[in-house]
Structure formats: C-alpha cells, structure tokens
Amino acid sequence: MPSTKFKGYFITIEGGEGSGKSTLLNQLGDYFRNKGFEVIQTREPGGTKLGESIRHLLLNHEDSISIGHQAELLLFLAARAQHIEELIQPALKAGKIVLCDRFNDSTIAYQGAARGLNAKKIQEFCQLVCAEILPNWTLFLDVSPEIGLARTQKIQKVHAQMGQLDRIESEKIEFHERVRQAFLSLVQQEPQRIYRIDANESQSKVLQKALEFLEEQWSDSELKT
C-alpha cells in the first residue's frame, strides 16, 4: 500500500473519452459509502466554483474563444490548484476517500503527448501545483478511441444535446490515439499505482475488476470497517 501522510485515500479514474469514468466513479462512491466510509466524488476540471467556470471555458464551443495549447495547460492547472486547496486536501486530512475523475495523468496524456507540449515541464508544473497531493491508486479505463467517441455521441443524443462533442472530444482520432498510448505508457511506468481495466467490457465487469484491485490494496480490517 502506498505511504501517505493523510488519513484519507485519494483514488483517481483516468481514461479517454467515453471510457466510462463517471459511471465507475458513481459505482465506487456507492460501494465505499456502503462500507461506512465518508466519500467525496469530484472531477477535473471542476470540483469547485472556480474549477467549474474554467471547465466551461475550456470545453465549450459556444464562446468561440481561441485557446492556445500553453494557455489550455495553465487553465487546467489553475483549476487543479484551487481544487486541491479547497476540496481535495481538506477531505484527505479529514480521513475521507476522494474519488476524482481525472488528475495529473490526464494532463500528461492530453496536454503532453497529444498536444505535444514539453513533458518535463508539465511534470514540473504538476509537482508545483500538487506538492504532496498525489493519488494512492489510479484506475485507467482503456477503450479504443473509436468506441469511446461513439459512446459519447450516443449518450449526448440521449440527453438531447444533438450528439455535439466538446472542444477536446471533437479533436481528430489521431489526437485521441496519442492520449491512449500515453496512458498505456504511464501504466508501464507506474504499475503499482495505475491499474489498467479493459473498458470494452460490461459496466459490471469493469466494476468487478476495479474492486478486485482496490481490495488488494487495503487490509481486510480497513475494508470491513
């Protein structure tokens, strides 16, 4: 089990578009609450009033604002800095489980590998923003970009959004393939922290795999609280 100076645990869920992160986040939240844990569910960018405003700016087509790659990176990091200070760190200090949809790994994959920004500089920026706030464990939901984007469009049509993809979802398929390959590389670099799950499987199978991994990380006494 990774060492931590906080009483709580920080679990992040990563993956490309349409990989099922939000669904798994909700399922894990229910699971841990039923075990008696206090749980915070959050997302990036977002999680705070400032973060959600930045999210709208970054993802929305409506405003017709041109955002350069470096500006995009810094906006994501600004949202994260506020997220950590306002929500994540206090929750971890209070002994809660924090479940977060995206964190540093997404920045490395999207702004680094896919956008082509300097990987070393991104690591330095992330370290500056996060300091000691790092995930105990990360679940990477691996799905092909073609399948993931098709899922996303289907979900949006169901919610009467006319299947419109957001600013990042609408990037070319090559962009999303670079994102996937970056995540796979991170899994190889940090196998003890990051666990790959085949997100082409059913939602129940994905949840089963996630719980099997997480249950191995905790002692029985902690999980049976």
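From the backbone N, Cα and C atoms, a Cβ is placed for every residue, glycine too.
Per Swiss-Prot, the feature ATP binding site maps to GLY15, GLY16, GLU17, GLY18, SER19, GLY20, LYS21, SER22.
When the binding-site residues SER19, SER22 are scored by other C-beta atoms within 10 Å, SER19 scores highest. Neighbour count (other Cβ atoms within 10 Å of the Cβ, all protein chains): 28 for GLY16 (ATP binding site). Taking Cβ-Cβ distances under 8 Å and a sequence gap of 6 or more within the same chain, the neighbours of GLU17 (ATP binding site) are PRO145, GLY148, LEU149, THR152, LEU165, ILE168, GLU169, HIS176. Within 8 Å of the centroid defined by the CB atoms of GLY15, GLY16, GLU17, GLY18, SER19, GLY20, LYS21, SER22, the record's ATP site, lie the Cβ atoms of LEU141, VAL143, GLY148, ARG151, THR152, ALA199, excluding the listed residues themselves. According to DSSP, GLY15 (ATP binding site) sits within a strand segment. For GLY20 (ATP binding site), the same-chain residues that are 6 or more apart in sequence and have a Cβ closer than 8 Å to its Cβ are LEU141, VAL143, ARG151, ALA199, GLN203, VAL206.
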